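Database features, via TrEMBL:
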SIGNAL    1-22  signal peptide
REGION    40-83  region 'Disordered'
COMPBIAS  50-65  compositional bias 'Basic and acidic residues'
COMPBIAS  72-81  compositional bias 'Basic and acidic residues'
Amino acid sequence: MKHGVRLLMAFGLLPALGGCIAKTALDVVTAPVKVVSKGVDLATTSQSESDEKRGRALREREEQIGKLSRKRDREAKRCDDGNSEACAKAEALSAEIESLVDAPVGR
């Protein structure tokens, strides 16, 4: 009698185990595809990521230009007060600002 109950339970579990085995087999078969797909995702840059990077670079450049402009303005004021060294610094800062403005961003 005990063997009959065990046998009946074993046959009752077979459909559940079959699905489990099929799922495992499917996971094993699709694993290489998932790995390659993940590698491609990591190796490529999406358009939105590229846009975000370019926007960040533009903001950083604008911030740098702003800092240099404020510094140039301070040196220009000192130049107006008769400091010839400040005049040279103001000219150098103007050239640096111009080179930043003309430079391409994030390409």
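Even glycines carry a Cβ here, placed using N, Cα and C.
TrEMBL annotations: computationally assigned, not manually curated.
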* Asked: Per DSSP, what is the residue tally for the compositional bias 'Basic and acidic residues' (72-81) in helix, strand and coil?
  -> 9 helix, 0 strand, 1 coil
* Over the span of the compositional bias 'Basic and acidic residues' (50-65), count residues by DSSP class, listing helix, strand and coil in order. => 16 helix, 0 strand, 0 coil
